[in-house]
Amino acid sequence: MDAGGDSRHCGGSSGDGSVGVQIRQTRILPDFLQSVNLKYVKLGYHYVISNLLALCLLPLAVVISVEASQTNPEDLRQLWIHLQYNLVSIIVCSAVLVFGLTVYVMTRPRPIYLVDFSCHLPPNHLKVPVSRFMNHSTLTGDFDESSLEFQRKILERSGLGEDTYLPEAMHHVPPRISMAAAREEAEQVMFGALDSLFANTNVKAKDIGILVVNCSLFNPTPSLSAMIVNKYKLRGNIRSYNLGGMGCSAGVIAVDLAKDMLLVHRNTYAVVVSTENITQNWYFGNKKAMLIPNCLFRVGGSAVLLSNKSRDKRRSKYRLSHVVRTHRGADDKAFRCVYQEQDDTGRTGVSLSKELMAIAGETLKTNITTLGPLVLPISEQILFFVTLVVKKLFNGKVKPYIPDFKLAFEHFCIHAGGRAVIDELEKNLQLSPVHVEASRMTLHRFGNTSSSSIWYELAYIEAKGRMRRGNRVWQIAFGSGFKCNSAVWEALRNVKPSKDSPWEDCIDKYPVTLSY
């Protein structure tokens with residue numbers, strides 16, 4: 001009876017497996033057609049809303065065109081006579097218009113241009129394959145078997161490749177940890193990036209009016225910014241700032257500070273240097289929460305040249321559109337989720353909480369709530385608002401609408417803090433693999449370079465030849481505190497990679513297939 005029933009419903013197919021195939025086909029086809037229909041309905045909706053003003057003005061333009069075609073010379077003569085009798089009104093209206101335009105031009109923020117940027121490429125002898133990393137960790141004698149096995153597992157799943165870099169001091173057994181070695185690492189990274197930047201832009205050191213340096217864990221006296229002033233003999237009235245302890249999101253904070261300074265001090269350049277220092281901040285204990293940074297963080301740094309000079313627009317790569325900063329330091333759990341401390345044996349390191357990803361997700365949600373209205377098309381804002389109202393008034397179980405940020409940005413530079421960070425944002429923002437390719441490949445090639453990672457990612461997109469005029473880039477960075485910061489840039493031209501790009505010698509090998 002069962003067999004007969006199946007035959008009646010499925011066209012009397014034999015037991016060769018065709019019945020199951022037909023059942024699957026009948027189910028898949030309607031689902032496919034439904035998904036296609038929904039896709040085109042959404043595309044049509046976005047088109048109508050995005051062009052609503054033009055669609056509304058079209059009938060008006062048609063009416064005006066028809067009326068204008070029926071106008072004769074006599075009508076024009078009567079209009080001229082009418083204007084002559086209302087000369088005072090015309091003069092007053094013109095004066096008000098000119099005054100309004102003058103006030104607008106004088107008070108509007110000046111655009112901030114990104115002339116160029118450079119990322120440091122360490123020498124080959126500083127590369128640290130996984131085998132060398134584990135061998136040196138074993139030879140130091142500081143880690144027990146459990147800690148060594150933990151580090152091995154983290155490295156296998158981290159997404160880091162075989163060509164990342166550690167500073168010179170960490171290649172010795174035992175590591176040569178000293179203030180001099182830490183200074184040497186800082187100088188090599190910062191000066192390497194700055195030398196390349198100045199060579200590519202032909203900007204003289206004396207023309208730099210603002211300098212912002214960020215490095216969380218190494219803050220000597222004199223400061224890192226003072227080291228740069230001394231090296232390049234920057235002018236005596238330079239406005240220099242040194243940001244410390246602000247984590248991997250400090251690069252965006254430094255850009256925001258430079259932007260604010262450029263809005264006040266006109267006709268000048270600002271240089272932003274972002275780096276981190278590993279030499280004196282390696283953890284030699286066995287607390288697993290503090291071993292993770294050892295496995296992820298690697299040598300890297302960037303230098304960015306910003307300008308508020310209108311004449312620099314033609315040679316600049318990008319214009320800064322928005323900076324949005326979110327700080328959750330008032331929450332105790334968020335404050336302590338990335339925390340520098342000593343373990344039970346008195347060894348210093350940075351501890352990462354198990355709640356880190358959940359806190360990062362909540363902080364990102366707050367950040368994009370502020371950023372969304374600034375960048376999303378009105379069609380997405382309407383959908384988000386309507387869903388929110390329905391959820392509040394009628395049904396609390398309605399899922400909140402997740403805006404499609406792919407309509408606002410062509411490129412995404414997600415801080416390469418680790419595989420989990422990239423996976424989480426890819427899922428929550430509903431991004432495709434190509435949108436997170438720059439982040440994954442940067443993590444594979446250079447590791448977590450802290451605040452400079454978003455610039456290695458932007459360099460990757462340029463090296464792939466994907467940056468076109470008008471494209472918008474979203475840089476997203478997370479840092480201790482806990483903070484989530486966003487910077488939005490718009491490409492002013494089809495951007496080609498700068499000379500001495502960190503991807504220059506290996507871009508043809510990427511993207512690579514990752515196996516975890």
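Quick reminder: no glycine exception, Cβ is built from N, Cα and C everywhere.
TrEMBL lists Cys248, His327, His411, His415, His444, Asn448 with the feature active site. The domain 'FAE' annotation in TrEMBL covers 104-393. Residues annotated as domain 'Beta-ketoacyl-[acyl-carrier-protein] synthase III C-terminal' in TrEMBL: 410-490. TrEMBL lists 45-66, 87-106 with the feature transmembrane segment.
Features as recorded by TrEMBL, highlighted on the structure.
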residue: Cys248; record: active site; contacts (Cβ under 8 Å, 6+ apart): Ser216, Glu276, His415, Gly417, Asn448, Ser450, Ser451, Ser453, Ala477, Phe478, Gly479, Ser480
residue: His327; record: active site; contacts (Cβ under 8 Å, 6+ apart): Gly481, Phe482, Lys483
residue: His411; record: active site; contacts (Cβ under 8 Å, 6+ apart): His435, Ala438, Leu458, Ile461, Arg466, Met467, Asn471, Arg472, Val473, Trp474
residue: His444; record: active site; contacts (Cβ under 8 Å, 6+ apart): Gly159, Leu160, Gly161, Tyr510, Val512, Leu514
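Here the active-site residues are His415, Asn448; the one with the fewest Cβ atoms within 10 Å of its Cβ is Asn448. Per-class residue totals from DSSP over the domain 'Beta-ketoacyl-[acyl-carrier-protein] synthase III C-terminal' (410-490), listed helix then strand then coil: 34 helix, 21 strand, 26 coil.
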